[in-house]
Amino acid sequence: MNTVLPNDVHPAWLPPEAFRALGSRRSLVCGEGTLVDTVRHELALACARYGGSTDQPHPRPDAPPSDDRPAAGTSYELVFALVPAGLLPIAAAAVDVVYRRRHGAGALGEEGFLLARHAEVTVVLAEAPAGLLHGLFHLVRLGESAFGLTRPMELHRPATRLRMLDHWDNVDVHPVMGQVERGYAGGSIFWQDGARREDLTRVGAYGRLLAAGGVNAVSVNNVNVHATEARLLTDRLGDVAAFADVLRPYGIRVHLSVSFAAPVTLGGLPTADPLDDGVRGWWADTTKQVYESIPDFGGYVVKADSEGQPGPFGYGRSHADGANVLADALAPFGGVVHWRAFVYNHRQDWRDRSTDRARAAHDHFAPLDGQFRDNVILQVKHGPMDFQPREPISPVIAAMPRTRLAVEFQVTQEYTGQQRHVCYLAPWWSEVLGFAPWGDDGPTVAAVAAGGPADGGGLVAVSNVGDDPFWTGHPLAQANLYAFGRLAWDPRLDPAAVLDEWIELTFAGASPGGPGPVRRALHAIMDDSWRTYERYTAPLGVGFMVRPGHHYGPDVDGYEYTPWGTYHFADRDGVGVDRTRASGTGFTGQFPPPWRDVYESIESCPDELLLFFHHVPYGHVLHNGSTVIQHIYDTHFDGVEQVAAMRQRWERLAGVVDPGVHARVRERLDEQLRCAEEWRDQINAYFFRKSGVPDARGRRIH
Ligand code: GCU
């Protein structure tokens with residue numbers, strides 16, 4: 001296993017210094033298996049650097065208990081062990097007894113771990129090897145404080161079982177989209193020049209970073225499956241197997257996007273009709289071969305009948321029919337199919353006001369609740385549209401109690417500044433995950449994704465990495481990748497605390513002035529950066545005022561008259577989309593109470609979503625006391641000022657952080673400021689010209 005990166009690749013949140021506390025201790029690792037070996041390997045690397053030692057018990061499995069104990073007299077400071085095991089060193093055995101008395105066997109599950117401090121030994125116990133690996137990275141986060149004198153026993157286990165990143169990577173460079181669709185960090189880490197990269201060190205290092213955040217699954221190729229990428233399922237399967245080999249030591253399973261038309265395009269069958277026996281047989285045989293190469297393969301991801309991709313509608317079948325044929329092929333091997341709910345009409349006529357893209361997923365999928373197999377996971381974008389900086393939650397999340405649902409986020413910043421802008425997204429995701437679709441007494445979005453007694457579908461996000469030396473183009477965008485993993489593991493975490501962890505790890509030991517100034521500056525720059533982005537872009541939840549195609553920079557009417565179906569309906573009197581039941585598209589009716597009524601009424605609709613749900617006059621007074629038009633002006637002026645302040649703040653870190661990081665972030669902040677000014681001027685000028693209402697504060701509007 002080689003995850004040692006070349007010097008020109010940034011170590012992200014796992015610089016060697018982050019392992020100082022572990023690497024200077026005497027540790028013992030008990031247990032067997034690939035992931036336990038990874039723990040040993042990590043400790044050995046750290047000890048080689050920081051002078052500690054790592055040991056393992058006597059390897060003879062048939063040895064009598066006393067022989068299996070580590071050498072008498074060795075006093076360990078850190079012990080990793082699997083339970084139940086009677087052969088643990090004293091401290092670990094004592095913790096084991098307490099744990100089992102308190103929690104009973106099984107409480108830690110497949111990935112959980114227990115952290116305790118007993119008789120001056122820090123003990124990590126797990127019931128399965130993955131738990132030890134997660135425990136290791138938890139200790140990395142804690143650093144010295146893991147060895148403090150007192151530490152209450154802590155039990156950690158992930159909120160949801162599947163925590164996955166989707167890559168929109170192509171093998172070949174696509175003429176319009178490039179190699180990574182919506183990728184802002186260079187080429188793919190998996191493929192180069194139309195072939196699998198020979199050196200997969202970077203993929204292994206990526207797996208290590210993801211495991212340290214909490215992610216445990218990766219889908220390697222684009223959901224828009226082009227001809228070459230389709231073959232990853234058959235004659236190019238070796239690529240996928242090679243990725244699985246380097247990701248496996250970090251507990252990450254590989255998934256693959258497949259084309260619904262594969263039985264025709266790859267199998268040469270006359271149809272891909274999911275109810276056709278030949279088609280069913282083809283999926284079953286093909287899937288069997290996949291598992292022969294990759295026994296722990298995770299499953300398929302499918303974008304069907306969406307934005308030009310083939311799907312069951314082509315055969316007059318439902319999406320349940322479509323998903324189930326793949327699910328049946330995967331079931332014997334324990335695989336799942338992530339079936340995306342991103343289905344809408346992208347050939348609309350803007351004159352037809354009865355079609356509403358926001359309604360589409362619910363219209364298509366809610367009636368199918370209960371018809372999907374247990375190993376189908378319906379993957380739903382968190383909002384009804386498409387990862388705008390502000391949307392309500394997708395009503396599908398609350399409409400399918402008998403279906404496993406995964407909620408999908410976008411770490412890659414397609415609509416949030418394309419990794420040229422600082423936009424720390426965890427506060428937004430945290431709001432979404434904590435949202436209670438049935439009102440305060442009901443479950444949250446995070447709880448739906450986690451599932452009830454049975455497994456839920458978990459959380460999925462579109463990754464933001466590429467072969468850029470900083471991984472993510474903008475070095476500060478690494479924080480989004482880290483935060484997704486952490487929130488997927490525990491959605492209740494405070495985004496500011498997650499940012500703190502990321503800062504501590506990433507800048508560990510790398511700042512001459514100590515971590516204090518870096519921490520303060522980065523919080524000032526990043527904590528509120530998503531809201532800042534929202535302020536200088538499309539106002540009050542209306543969304544989509546971006547340039548068509550690449551989606552960067554302002555173009556208020558860019559999509560207004562296109563077939564994609566996203567409109568703001570601004571005229572001289574007002575702006576916004578009427579999605580009420582009373583007079584609009586009826587979208588509000590897709591929500592359960594109380595939200596169907598909260599959103600229906602202009603009085604109770606939250607300001608930040610007002611224009612998503614209502615068409616209002618410019619003089620409409622918001623809850624914050626401002627009129628809509630004045631709010632547009634104020635937020636756009638403020639947003640730009642905030643970006644200017646961010647930039648100044650970063651300037652002061654020159655000489656405090658690594659010069660390469662400093663230069664890259666500075667260059668991006670210059671662009672962010674330029675772009676924010678462009679947004680401000682276009683949005684303000686557009687609405688001033690439409691409404692004729694001047695800025696109450698007399699600022700210059702072009
Ligand atoms: C957006 C994005 C596409 C992507 C699609 C999806 O529409 O612009 O590039 O393919 O989402 O999620 O499938």
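Every residue, even glycine, has its Cβ placed from backbone N, Cα and C.
According to TrEMBL, the region 'Disordered' annotation covers 50-70.
Look at TrEMBL and you will find 57-70 tagged as compositional bias 'Basic and acidic residues'.
Annotated domain 'Glycosyl hydrolase family 67 catalytic' per TrEMBL: 156-471, in sequence order.
According to TrEMBL, the active site, proton donor annotation covers E307. For E307 (active site, proton donor), the same-chain residues that are 6 or more apart in sequence and have a Cβ closer than 8 Å to its Cβ are N224, F342, H346.
For D386 (among others), the entry in TrEMBL reads active site, proton acceptor. Long-range Cβ contacts of D386 (active site, proton acceptor) within its own chain (separation 6+, distance under 8 Å): F342, Y415.
E414 (active site, proton acceptor) carries neither a helix nor a strand DSSP state and counts as coil. Less than 8 angstroms from the CB of E414 (active site, proton acceptor) sit R182, F387, V462, H551, each of them six or more residues away in the same chain. Sequence annotations record features per position, and here TrEMBL assigns active site, proton acceptor to E414 (among others).
Per TrEMBL, domain 'Glycosyl hydrolase family 67 C-terminal' is recorded for 472-699.
DSSP assigns D386 (active site, proton acceptor) to coil in the three-state reduction, placing it in neither a helix nor a strand.
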